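Feature annotations, courtesy of Swiss-Prot:
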- 99-135: repeat 'TPR 1' (REPEAT)
- 146-179: repeat 'TPR 2' (REPEAT)
- 220-253: repeat 'TPR 3' (REPEAT)
- 259-292: repeat 'TPR 4' (REPEAT)
- 334-367: repeat 'TPR 5' (REPEAT)
């Protein structure tokens, strides 16, 4: 029989495990997790530490899903079961553990594209940020908040949080990946307020740094973001090249982000009038979105297919926009409503164009209201 292991020793390992998770060191994190699970069998009783382990296990799963996404039904245990177990002990969480609960729950809701819910949890976590002493941990939180605000176009909130995070990451050489991701967010926000050239400067820097990291995911993401900026500048030919490169890398490594890249490629082919290529990309993208069970992109693919490759049925388009709005994906709806209205205007279907312009104004109003919540 093994001697009881002091909980302090296990706590040290839990902290090391979390550092590996934050750094996306999946293999090392998995090995240490197994070691900790073995230690827990003979650890002296400490309920707080067991709760800490449950929270870190949940965060570990989020990390793995980011690096190697799999369908939730294929995982053991499912996210929902892990959440239920943690929430059943929520009343026991105080201080730092309560911070982790809200922070990780926010990350989960962000993963599910429930952006408003994610922000709500992050706000609760921010109230507990005083319990966080580690500077990198604060930077991680700031980065995550910047990320979700970017997705709902709360530009200045996002820029503020991203800049604070970047200031911290710049002090630490090991956090090159996060520096690149902060550059992505800052550039995306600059694009949203039409400072495209400034955004491109950040993105070219991010692409160079991503190549130095030699990480396929980051390189593909950098190509995608440069493509998005070129698209915003109206340089469709160059954007097409960047999207093709991003899609190829994402697909080669079986990253879920391939769905997004192929959607952007399909969209740009449609706008360029390259309909044969658009059909090929659409078939590729809709298959990928179905395999990943990505309802948002299934809806977006259906929408642009109907708009550019189908008959432009108003009922189908309206149903697609209703679905996007019901998921609070207002920024996505805004961009596609603009294209839909412009498309009908070009086709001289002025009544339909006016209908979608009015809906676009409605979405802009909702986004503006969110900025003051």
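Using N, Cα and C of the backbone, Cβ positions are placed for all residues, glycine too.
What you see is a predicted model, and the numbers here were worked out from it, not measured in a lab.
Listed by sequence, the residues of this chain that lie at least six past the ends of the repeat 'TPR 5' (334-367) yet keep a Cβ under 8 A from its Cβ atoms are 152-153, 267, 271, 300, 303-304, 307-308, 312, 314, 317, 321, 324-325. With helix defined as DSSP H, G or I and strand as E or B, the repeat 'TPR 2' (146-179) counts 28 helix, 0 strand, 6 coil.
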